[in-house]
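Taken from TrEMBL as is:
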TRANSMEM  B:40-59  transmembrane segment
TRANSMEM  B:66-84  transmembrane segment
TRANSMEM  B:90-108  transmembrane segment
TRANSMEM  B:115-138  transmembrane segment
TRANSMEM  B:163-182  transmembrane segment
TRANSMEM  B:209-230  transmembrane segment
TRANSMEM  B:250-274  transmembrane segment
TRANSMEM  B:286-302  transmembrane segment
Amino acid sequence: MSLLDVRGLRKAYGALKVTDDLNLSVEKGELHAIIGPNGAGKSTLIAQLSGQAGSDAGSVRFDGAEMMGQPMHARVRAGMSRSFQITSILPGFTVLENVAAAVQARRGSSFRFFAPVAGERALNDTAMEALARVGIAERAAMRAAVSAMAKSGNWNWPSRWPPRRNSCSWTSPLPAPAGRRRIAWSRSCAASRARSRWC
Amino acid sequence: MTRLTPTRAWAATILFAAFAILPMITQALGDSYLIVIATRILAYAIAALALDLILGYGGMVSFGHAAYLGIGAYAVAILGRAGITDLGAHMLAAIAVAAVFALITGAISLRTRGIYFIMITLAFAQMGYFFFVSLSAYGGDDGVTLNARSTVFGQPLLENNTALYYTALALLIGLYLLAVAITRSRFGRVLTGARENPLRMQAIGFSPFRYQLTAYVISGCMASIAGVMLANQASYVSPSYMDWHRSGELVVMVVFGGIGNLLGAVAGATIALLLEEWLALLTRHWPILFGLILVLVVLYSRDGLSGFFRSDRS
Ligand SMILES: Nc1ncnc2c1ncn2[C@@H]1O[C@H](COP(=O)(O)OP(=O)(O)OP(=O)(O)O)[C@@H](O)[C@H]1O
Ligand SMILES: [Mg+2]
């Protein structure tokens, strides 16, 4: 069975049918690109898959589980993730905190009110590792809003870190591959970085 | 995110130490009115602190936080009349009712954003206001005078103004430390993140709603404690505690002190109330002067008064 299986997906804005009966399946380890002119509906499709936008009809199955009707954060926890065409960060946080927040989302409860999160070595270490992997470790303490890379808006944060056993990530307008191993993740990351000029 | 810099820790220590020695100074001056004002200031500081937690850190501009002052105040009046006079019981009752009220109204309000959130929190507070206005058993519009202040271990200790003052100060310091811990915790990071960029937080796997609602409830509970203190300070309870003017004043205090700066909220409440007392001596039209000062502070420092003391502004 495909890792991602989309059937009969539809979405219309008024009379404009943006996604019209779309079928798509992505196998593990595959890398796909969705291309089309401006306004073709690429971003809308990604938004539908990620749960950011609702769909009029259809089904999105990920790793065998129906994702339709699930909110965005639930899909992320199931292993689907996305990045954004327009850079989306937490501007007031440091670069490290941006990534550590993503690690935190997948490690333990965040309904913890007393212990200072800045002191959680495990979160920071994993986040530092991710930053080092994409070569911006030296910017860790910098405010994300100030970081030149973020400003230029042409680079995507390693937000998909840490990769799940089953993870599928993409960057609009270019979906990145699904993979079971870190190797696949880093390849997809490299791929999206290389193509980030078009994101 | 909150960084507890040494400067901030020092500022907190100095501010709270000043509050701690104040009764000695007023005693030396032989001024007994000052301690009454100061207790009121401490109570409002608790409320401003509570509001800043959701306004400054959560980005939720509640224009109905006076509702929780009223809930706390009426907890004292209603339990007191029923013969339950213990301060702990009053606070627990206030917190419980505030939690339920915040949970219900927060769950509804958080479905909206921006100006709609402001309006809907205002509307809920007004509902509370009119509920107590119609509560004729407790004086309706006129309110009701308390027979006695809350008791501690069955003793009427709080009848002494200085004892009440130190109780309020202890509560303020405790709640301040709690609020600081919350903003620096895992929970605080998610709350701040949801203010910074809710879509981003969803994209990394958080549901902002749950965290915002929890913060809203915590804030409401904290503010209800301020209401308990206010009722005791004035020995009087009326719907005016829940008036929308009062909600506005709380927002002003937070803005005054610097949004998203917990110590600033305490300082903002202090300075706003002191200014009010002082300007009222000068002229009957003091709100105009007060408004002018507020405009100047906001104009010259986006971070309120605390902005004037900061060196790390970029
Ligand atoms: N919220 C919306 N309401 C109404 N129409 C919308 C909305 N979002 C997108 N559209 C329309 O849907 C169509 C598809 O838009 P979409 O952003 O998905 O295109 P895209 O392929 O990502 O384009 P680009 O290459 O410019 O990024 C466009 O015609 C757009 O105007
Ligand atoms: Mg697009």
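Every residue gets a Cβ built from N, Cα and C, even glycine.
Automated prediction, rather than curation, is the source of TrEMBL annotations.
If one looks beyond the transmembrane segment (B:250-274) by at least 6 residues along the same chain, the residues whose Cβ comes under 8 Å of a Cβ in the stretch are 2, 8, 11-12, 15, 37, 40-41, 44-45, 47-49, 51-53, 55-57, 61, 63, 65-66, 172, 176, 179-180, 183, 290, 294, 297-298, 301, 303-307. Note: the stretches the transmembrane segment (B:40-59) and the transmembrane segment (B:163-182) are in contact (3+ CB pairs below 8 A, sequence gap of 6 or more). For the transmembrane segment (B:90-108), the list of distant contacts is 64, 67-68, 71-72, 75-76, 79-80, 84, 120-121, 124, 128, 150, 212-213, 216-217, 219-221, 223-225, 227-228: same-chain residues at least six beyond its ends, Cβ to Cβ under 8 Å. Counting same-chain residues at least six beyond the ends of the transmembrane segment (B:209-230), those with a Cβ under 8 angstroms from any Cβ of the stretch are 39-40, 42-44, 46-47, 49-51, 53-54, 57-58, 60, 62, 65, 67-76, 87, 90-91, 94-95, 97-99, 101-103, 106-107, 109-110, 150, 164, 167-168, 171, 175, 179, 182, 187, 190-191, 194, 241.
With a threshold of 8 Å between CB atoms, the same-chain residues lying at least 6 positions outside the transmembrane segment (B:115-138) that come near it are 60-67, 70-71, 74, 77-78, 81, 101, 105, 108-109, 144, 237-239, 242-244, 247.
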